[in-house]
Amino acid sequence: MIARCLLAVRSLRRVGGSRILLRMTLGREVMSPLQAMSSYTVTGRNVLRWDLSPEQIKTRTEELIVQTKQVYDAVGMLGIEEVTYENCLQALADIEVKYIVERTMLDFPQHVSSDKEVRAASTEADKRLSRFDIEMSMRGDIFERIVRLQETCDLGKIKPEARRYLEKSIKMGKRNGLHLPEQVQNEIKSMKKRMSELCIDFNKNLNEDDTFLVFSKAELGALPDDFIDSLEKIDDDKYKITLKYPHYFPVMKKCCIPETRRRMEMAFNTRCKEENTIILQQLLPLRAKVAKLLGYSTHADFVLEMNTAKSTSRVTAFLDDLSQKLKPLGEAEREFILNLKKKECEDRGFEYDGKINAWDLYYYMTQTEELKYSIDQEFLKEYFPIEVVTEGLLNTYQELLGLSFEQVTDAHVWNKNVTLYTVKDKATGEVLGQFYLDLYPRDRKYNHAACFGLQPGCLLPDGSRMMAVAALVVNFSQPVAGRPSLLRHDEVRTYFHEFGHVMHQICAQTDFARFSGTNVETDFVEVPSQMLENWVWDVDSLRRLSKHYKDGSPISDDLLEKLVASRLINTGLLTLRQIVLSKVDQSLHTNTSLDAASEYAKYCSEILGVAATPGTNMPATFGHLAGGYDGQYYGYLWSEVFSMDMFYSCFKKEGIMNPEVGMKYRNLILKPGGSLDGMDMLHNFLKREPNQKAFLMSRGLHAS
């Protein structure tokens, strides 16, 4: 997400909500107010600073606003007949680059800084700048001049990407309501500011949540010793268990004590329940009202207009069709799990209640994997020490995409455990960008897995290219004494997925910042990263990624084959859960009178066949609702149709490490960024329209 669990925060997408709104700026003749901001007007290097104090963040935020507004005001005073491509469209793009890079240094620290005051200042900067974004995006005088440019400019003489920039600018202006009466514009502006603040607060609440539970060793039954040894002790015989992923999932998957799992699941799905429920009750009606004012039936209709799906009817049909196809598989998997539970309750002397509870699901899905394929993830992870996985991952991407990575020594980073790499084209030596790896959990750090686009790869005013910069932020388990961080196979998959977003950010080479990196349709953005997950299900690829942390021995061929064969395990229930989340998201953004917790519970029962725990409110913990995926969570499944089609029709057929296919993928899918529509890129790559055949096969189904 971007993230597997949250919206990946991409180059022009904000954790606080929707895409960064159109910043209608003008420039070359009036750029002087911004010259003092940074040296990045004349260089393509990484200019990002991570040592700003709270006071500096506040001061630079105000300076950025004042200086940028001076440019906007100058544009607004231009005579309507004076507008040209150079003094409007191109200059707008030049200023946009400056603003994006400076803003990154101000609002990214809220997600990664260990300093509470810095995080607070960064969050306030994000709110302040988001309000400013909205103000500037709704400048009617700027919009009028852009419309005038379209009417008078000889479009045949400008590059296709520039025409796209012009068309998107006008489209976004209309989606902001700039063609409507001033009174309506002001109403929309006010609501957008409030929505932005609510989104920022929603995810801040989740990031800052420090809930933990305390258990005795007996209550952590069947959890491995290395996990228990890594826990903070409370008194002499109690252990502190947080709700962060490195604690939550091991407990839910391996702890044999039902009451422990019940308490964990209850706590996890009541995080920020009170405050975030209130936020949703305000946010959802505001979105609906803005959509109505703009002429759309629902907020879902509003956001889907810009996606490859285009309409709520297509999304609903896709989800309902997939749900029906998976229904028999889900029923069979639930029956198997229920039999496992019944037998275990008999063996351990537990009361058998005859149903699968929410806190049973991960536990018995793990047992299913172990029984059917003899795979013990705790044993398997000993072959995935993070250093070996990282080296194998980097080598795979370098070989596949024709790149070389070099670690930067003495790099300027936000934490001592963060590393920085430079990316070069292997054939030419050209520097394409840099990426940070922030792999381990810290207090108050962003608690999911995501790629953050930090600096856009685009053209600068002097014609040189600014390098793209991205950060991969995840939360793998910390190394402990005598033992490195060991990754479960699903964490290796997450690593590959998120690094796929990093490569999209780095390899895209566009003229305009707005189209750089992962700034594509929301239901297409996961395609490149999902496609690259296939490498962790290939025997030869897995050999490159693994080595026992003690003696360097390889995984046995037998175990590798079992691991690859296990890919379809629990796929029915896992996919049905994704459908549940997608349906909840669609429902809440088409009917604001619905209660979020009740809607989630309804779909859990109807589609997943596993009841939500009474008293929980999972949507209040669902960061995607306020993280840029509003009405668009379906995109994870939708985009897999495309990613699987690409993989099976090209890589699986020609060889997954075939450098020619890898370069084709880099040039036709990654390099264009958002300068082309996603469907056009797919057609260029596949040489045909995409279909669902490979996707259905990946779910254990057959195309009708």
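In case you wondered, yes, glycine gets a Cβ from its N, Cα and C as well.
Feature annotation from Swiss-Prot assigns active site to Glu498. Around Glu498 (active site), a 10 Å sphere centred on its CB holds 24 further CB atoms from the protein chains shown.
Taking the Cβ of His504 (Zn(2+) binding site) as centre and 10 Å as the limit, one finds 31 other Cβ atoms among all the protein chains shown. DSSP assigns His504 (Zn(2+) binding site) to a helical segment in the three-state reduction. Annotated Zn(2+) binding site per Swiss-Prot: His497, His501, His504, in sequence order.
For Lys664 (N6-acetyllysine), the Cβ neighbour count at a 10 Å cut-off comes to 16, with all displayed protein chains included. For Lys664, the entry in Swiss-Prot reads N6-acetyllysine, with the evidence type similarity to another entry.
According to Swiss-Prot, the feature transit peptide maps to 1-37.
Per-site Cβ counts within 10 Å over the binding-site residues His497, His501 peak at His501.
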